[in-house]
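**Student:** Starting off with a structure, shown below.
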């Protein structure tokens with residue numbers, strides 16, 4: 001049985017939630033392998049809108065096992081609230097349908113405070129974080145002072161972990177002008193939340209390996225996008241974890257040989273939230289039109305997204321670093337009505353043509369896009385479910401994208417509704 005990794009191939013917000021939900025019917029297990037609740041998924045199922053941040057997209061599908069892997073950083077208080085919200089919408093969530101890796105790091109209140117304090121004081125070069133503590137939690141994980149889910153089960157261990165973390169954080173807070181952390185209040189909060197988290201705790205690595213040996217199909221769900229990867233993204237304007245497909249293995253505790261297909265999710269244009277380079281960004285009427293038609297506001301923050309033309313040069317990079325086998329092209333319908341469309345095929349850097357975005361931030365800032373123009377289409381593609389439903393110029397656009405990124409289109413999405421999807425290649429096909 002094939003196991004599939006789904007990754008965002010741009011700067012996030014590509015429509016992964018819909019595609020993961022669409023694929024989840026073919027999967028037995030849906031496992032999230034990185035990120036925190038700073039990334040949001042919006043699912044529309046039978047007219048019901050579900051907004052997920054920490055929970056895997058598979059929770060809204062009955063009879064599936066959803067997993068939060070060790071590569072995720074988890075805010076336990078947020079998770080409890082999100083579970084309650086989704087339950088109120090009629091979704092059953094139990095330890096039989098949701099498992100959390102015992103070695104998953106926890107985001108604590110002081111992580112968010114530190115995140116916001118740094119961002120507020122860094123007036124010269126803001127990163128554009130959501131202020132939810134994701135980065136500081138990952139720092140603690142690497143610094144070997146993070147509190148993990150399993151630590152909630154033993155009072156003595158929990159106290160030791162808290163004391164170790166506070167030695168570091170109180171010194172750091174002093175330099176930022178923040179009050180020391182109230183140790184006793186923190187311990188009380190953790191002891192109160194523990195009974196609501198521990199029933200979901202499990203040795204996820206063991207469960208997933210057993211599922212794989214039993215021939216179950218596993219869908220690995222990433223958050224954000226490959227251009228926000230801590231190593232291969234537009235550093236330092238990136239997230240604090242690896243986002244590329246290779247993280248799926250380490251983020252849940254399964255070998256890389258378990259990955260059979262990597263599906264990259266790609267908008268038919270480009271968007272970005274927050275700071276950082278964006279070569280094809282549009283500050284004109286076309287950019288406004290893309291944002292309005294595409295409803296480009298963040299699920300988590302409500303922040304307006306920056307919009308621009310499709311960047312094939314960047315997509316070639318992410319296809320390489322994630323080993324993408326095929327892409328799901330989303331929001332094709334947003335391009336309806338444009339007389340002319342542009343695709344970035346490379347960059348001009350001080351008179352030299354490049355077919356990739358350089359690593360150095362100063363060079364990224366000096367890159368100007370080299371465009372190829374294509375005719376648009378006046379017909380509507382919204383709701384199309386087969387190639388026959390698409391205008392000729394829309395098909396030409398999709399085919400040109402394939403040629404430029406050297407990767408086939410496996411799926412095309414033409415509306416937020418899950419059924420409005422053109423399937424070219426089933427990623428789960430054996």
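Each Cβ is built from the backbone N, Cα and C atoms, and glycine gets one as well.
Not measured: the values here are computed from a predicted model.
According to Swiss-Prot, the feature GTP binding site maps to 12-18, 40-42, 305, 331-333, 413-415. Annotated Mg(2+) binding site per Swiss-Prot: 13, 40, in sequence order, evidence recorded as sequence analysis. Per Swiss-Prot, IMP binding site is recorded for 13, 14, 15, 16, 38, 39, 40, 41, 130, 144, 224, 239, 303, and the stated evidence type is sequence analysis. For 13, the entry in Swiss-Prot reads active site, proton acceptor. The active site, proton donor annotation in Swiss-Prot covers 41 and is backed by sequence analysis. Summarising the annotation, Swiss-Prot assigns substrate binding site to 299, 300, 301, 302, 303, 304, 305 and lists sequence analysis as the type of evidence.
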**Student:** Could you check which of these binding-site residues, 40, 304, 305, sit within 10 Å of residue 130 (IMP binding site), going Cα to Cα?
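**Tutor:** Matched binding-site residues: none.
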**Student:** If H, G and I count as helix, E and B as strand, and all else as coil, what does DSSP give for residue 42 (GTP binding site)?
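**Tutor:** In the DSSP reduction, residue 42 (GTP binding site) maps to strand.
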**Student:** Taking residue 40 (Mg(2+) binding site) as the reference, which of 18, 224, 303, 305, 414 (the binding-site residues) have a CA within 10 A of its CA?
**Tutor:** 224
**Student:** Let me know the most crowded of the recorded positions, choosing from 41, 303, 305 and counting other Cβ atoms within 10 Å.
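**Tutor:** Answer returned by the neighbour count: 41.
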**Student:** If you skip the near sequence neighbours and keep only those at least six away, which residues in the chain come within under 8 angstroms of residue 224 (IMP binding site), Cβ to Cβ?
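**Tutor:** Correct list: 8, 11, 12, 35, 38, 39, 239, 243.
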**Student:** According to DSSP, does residue 13 (Mg(2+) binding site) sit in a helix, a strand, or coil?
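**Tutor:** DSSP call for residue 13 (Mg(2+) binding site): coil, neither helix nor strand.
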**Student:** When the Cα of residue 305 (substrate binding site) is compared with the Cα of each of the recorded positions 13, 18, 41, 414, which one is closest?
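**Tutor:** Closest by Cα distance to residue 305 (substrate binding site) among the recorded positions 13, 18, 41, 414: 13.
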**Student:** Taking the binding-site residues one at a time (18, 304), which has its Cβ surrounded by the most other Cβ atoms within 10 Å?
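**Tutor:** In terms of Cβ crowding, the pick is 18.
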